[in-house]
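Contents: one structure, followed by commentary.
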Amino acid sequence: MLAKRIIPCLDVKDGQVVKGVQFRNHEIIGDIVPLAQRYAEEGADELVFYDITASSDGRVVDKSWVARVAEVIDIPFCVAGGIKTAEDAAKILEFGADKVSINSPALANPELITELADKFGVQCIVVGIDSYFDKETGKYQVYQFTGDEERTKATKWETKDWVQEVQKRGAGEIVLNMMNQDGVRNGYDLEQLNMVREVCHVPLIASGGAGEMVHFADVYKKTNVDGALAASVFHKQIINIGELKEYLAQQKIEVRR
């Protein structure tokens with residue numbers, strides 16, 4: 001059995017790490033490089049960096065910090081934000097990232113997934129999906145431009161359908177960002193993850209809702225995800241990654257130590 005991954009997520013805005021609640025009201029957490037170093041030292045398996053306003057601003061990730069991060073950590077990391085072309089992706093990978101993640105640009109141009117997978121290999125290509133449960137319709141809907149409160153909008157895609165579509169086009173991994181749970185810290189949406197897992201045949205990473213160690217145990221025991229991504233519990237030092245791994249190992253969950 002493959003070890004379950006613990007993945008801190010760093011939302012980047014104007015060169016600093018920020019964190020919001022349900023994708024709104026972002027506060028500054030700190031500088032990118034020291035945080036990346038801290039998480040690598042604590043035992044994170046991987047890091048994910050989202051330049052959260054790149055897509056809505058119509059620009060690509062600022063690459064200067066990508067190279068600085070690559071210099072100071074020795075674990076894999078993934079970078080997302082406004083990657084619209086193979087050239088954009090190539091530059092980020094050249095600067096030292098191990099994977100690139102696309103979200104809004106994939107919705108605007110689904111062919112991009114195939115192009116990147118063909119050029120760099122599926123193992124490098126992650127698709128982020130921002131999924132919102134609409135209580136009125138009872139459906140999970142994919143949202144776009146979620147880094148900008150004024151531009152964020154529902155797309156025509158239901159979550160399950162988009163998960164199937166991106167796999168057909170060459171996504172090597174899917175990060176499911178569950179918007180209703182984001183930053184609220186009351187647990188992952190296990191029902192949604194199980195629904196997505198039924199149609200997801202590539203590694204699936206849960207994102208949104210971690211508040212205490214038991215939430216990680218629950219998501220691994222009850223949904224068969226490959227990894228769990230979290231932000232505020234790590235940024236605010238509510239949970240230490242080393243201690244989390246000890247706890248999960250005691251719960252008979254396979255983790256890298």
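Here, residue 1 is simply the first one shown, and the rest follow in order.
Each Cβ is built from the backbone N, Cα and C atoms, and glycine gets one as well.
Annotation comment: Swiss-Prot describes ASP11 (among others) as active site, evidence class sequence analysis. Its Cβ taken as reference, ASP11 (active site) is surrounded by 23 other Cβ atoms within 10 Å in the chains shown.
For ASP130 (active site), other Cβ atoms within 10 Å of its Cβ number 26. For the recorded site, ASP130 (active site), the DSSP three-state label reads strand. Here Swiss-Prot flags ASP130 (among others) as active site, drawing on sequence analysis.
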To the nearest Å, how far is the Cα of ASP130 (active site) from the Cα of ASP11 (active site)?
14
